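Have a look at the structure below before the remarks.
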Amino acid sequence: MNKIISSIAICLLSIAILSSCKQDKKLPFYGERHAETVRDAAGVEKIDTVYQTIPNWAFLNQDSVLTTNKATDGKVYIADFFFTSCSTICPTMHRNLMTVYNEFKTNPEVMFVSHTIDFKYDKPSVLKKYAQKLGVDGKKWQFLYGSKDSVYTLAEKNYLVAVGEDSTAKDGYIHQGYLVLIDKDRRIRGAYDGTKEDQVEQLKKDIPVLLAEYKK
Amino acid sequence: MRKYIIHSIFLFAIIAIIISCQNQETIDLQNYMSNGKDIYKTRCQNCHGENGEGLGKLAPPLTDSVFLKNNKTRLACIIRNGTNEKMTINGKEYQEKMPAFPELADIDVAQVMVYITNSFGNNQGFVPYNKVSIHLQNCK
């Protein structure tokens, strides 16, 4: 009898140990990284990993208001690159992104940022019409207009999304359809193909995981 | 009696011809439907959606049977040449630019048109491609 009790106890103990070992799920970090020596609050030197971050930015939004990274600072946000006259992948991307938007509509910690790569035609008024017709209203989803240089550099160097002008393409531009997930510290934590429904579903699952990292 | 037999054979033959004709049309329809679906997926679905539901007010749904019926002869032209005309579909106004698809041959236009007008709750039957060719020649 004693043997049985002790073996049950051992079982329970090992289960408890194993489950306490399990780490919480964390999203990966994308982009370049390097080690840096920093001083913590107590003034002790230690080595820390520094990840690639999104730099400061300033663009006009769909209401022609100068919008900066202050709008997204301290929030988790999803960024993408598109243009309004795009008839290939953008409609699918934004159809899928709309479902994410609708799911996190009431969550103040989540934002959406769409950069146009059509610097010739997509002025703020065009973006406004596009947003309205898509069914987006308010500040939660920003549609941003900027010069070719600033937007294309931001896309390729910082968000790691390829964009470009291409006169041979049907609509004049080519770009990748990634939805890039950025954390509250401006680090890249995920990239999802906005034209693929399963990847967009994964994005919906990853946003709460990322938000949970900040709950501790 | 002999006359009676000849008559009935004649009648039978005509009925058989009609039935076999319909079968050929059904086969054609199935053909158009499956090819049309492939074209729809690659050219139309990104804006008009997997089930023809459209995209907000950017792209109209393809579920308005009345509109499709009233514009029967224009559909092929819209598919080939695109449009930026204002349209009222399911009671809502739409005005966006639809791109042209000049690379689609007459038969492709016919197939995708038949697919659209016989899917998403529409049921307007078969249109052969030579008829669609005539529509395409008369585009404004």
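The chain as shown is numbered from 1 upward.
Cβ coordinates come from backbone N, Cα and C, glycine included.
Among the features that TrEMBL reports, domain 'Thioredoxin' is placed at A:48-212. Per TrEMBL, the feature Cu cation binding site maps to A:Cys86, A:Cys90, A:His175. The disulfide bond feature in TrEMBL is assigned to A:Cys86-A:Cys90.
Taking the centroid of the Cβ atoms of A:Cys86, A:Cys90, A:His175 as the Cu cation site, the other same-chain residues with Cβ within 8 Å of it are A:Phe81, A:Phe82, A:Phe83, A:Thr88, A:Ile89, A:Met93, A:Ile117, A:Asp171, A:Tyr173, A:Gly177. Over the domain 'Thioredoxin' (A:48-212) the predicted model carries a mean pLDDT of 93.
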